[in-house]
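Database features (Swiss-Prot):
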type	residues	note
TOPO_DOM	1-17	topological domain 'Extracellular'
TRANSMEM	18-38	transmembrane segment
TOPO_DOM	39-50	topological domain 'Cytoplasmic'
TRANSMEM	51-71	transmembrane segment
TOPO_DOM	72-94	topological domain 'Extracellular'
TRANSMEM	95-115	transmembrane segment
TOPO_DOM	116-135	topological domain 'Cytoplasmic'
TRANSMEM	136-156	transmembrane segment
TOPO_DOM	157-188	topological domain 'Extracellular'
CARBOHYD	ASN160	N-linked glycosylation site
TRANSMEM	189-209	transmembrane segment
TOPO_DOM	210-239	topological domain 'Cytoplasmic'
TRANSMEM	240-260	transmembrane segment
TOPO_DOM	261-271	topological domain 'Extracellular'
TRANSMEM	272-292	transmembrane segment
TOPO_DOM	293-311	topological domain 'Cytoplasmic'
Amino acid sequence: MMNKNSRLYTDSNIRNTFFAEIGIGVSANSLLLLFNIFKLICGQRSRLTDLPIGLLSLINLLMLLMTAFIATDTFISWRGWDDIICKSLLYLYRTFRGLSLCTSCLLSVLQAIILSPRSSCLAKFKHKPSHHISCAILSLSVLYMFISSHLLVSIIATPNLTTNDFIHVTQWCSILPMSYLMQSMFSTLLAIRDVFLISLMVLSTWYMVALLCRHRKQTRHLQGTSLSPKASPEQRATRSILMLMSLFVLMSVFDSIVCSSRTMYLNDPISYSYQLFMVHIYATVSPFVFIVTEKHIVNSLRSMCVKVMNV
């Protein structure tokens, strides 16, 4: 049995911190998802980004729930899992992580489209129906599920196995070593996907920052520097997306650094625990970014609380 996990589930501080992070993330994403469902049921006017925001909260919620279940095999002495459970859980977890990346990228691009002026070539996409967004998300989902399909073959249950030839994921689940050709092919596909989506995020973020800076200069020129113009809903939404994308890129860099160090030191439980914690910060914090920065969400939640208190 691998030493790092046996040491991890005996450390109550690491275990409690990790499950506290998961609990906070599940609660926040559930709240944001329920708000979007409530908004849809009440027939309120939806924005172009409402569907991706609701979908992102659902994906993060499912990923965190899946993480909590998988973590029982990492931090808690648990009965053994068979191949089917290992393959299903880890494949779904990796799929949800990929979908979170795809949806975040789509959200960034859509917000750039919303903020674009009428003279921009992106303005024609503002009034596209929501089923175009659904098709884009579905296409990205199918593509990523195909890229991750090798996990259904390479993930196996490894009870009472101590060899270092396997990449241990949890106490009972490991990844079989692949041939150099297969490993290179899937690594290249994943690298192309990540570089493309993150580059698209960076470009759309840079475009939004440029538009916001230009708008601020124009507003100051028209109203004078003594006045502080009130931010429009589109600008507030853009700032929340910018915060979200900055957090995502930062967490991706940290995850890459920790993952590289874990590759160098396979039996180091400290780097493994850091990776477990860091990789889920984005899914935990992202709903708070929307809840805090979007005034209509805060006002709606406040009115709902008042109604509940008056019942």
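Keep in mind that glycine also has a Cβ here, set from the backbone N, Cα and C atoms.
Owing to the predicted nature of the structure, the values given are computational and were not obtained by experimental measurement.
Here the topological domain 'Extracellular' (72-94) returns a mean pLDDT of 78 for the predicted model.
As a quick check, the transmembrane segment (95-115) and the transmembrane segment (18-38) miss the bar of 3 or more Cβ pairs under 8 A, pairs 6 or more apart, so the two do not touch.
Below 8 A, the CB atoms of the transmembrane segment (272-292) and the transmembrane segment (18-38) form 3+ pairs separated by six or more positions in the chain. Taking Cβ pairs closer than 8 Å, the transmembrane segment (136-156) reaches residues 52, 55, 83, 86-87, 90-91, 94-95, 98-99, 102-103, 106, 169, 173-176, 178, 182, 186, 189-190, 193 in its own chain, all 6 or more past its ends.
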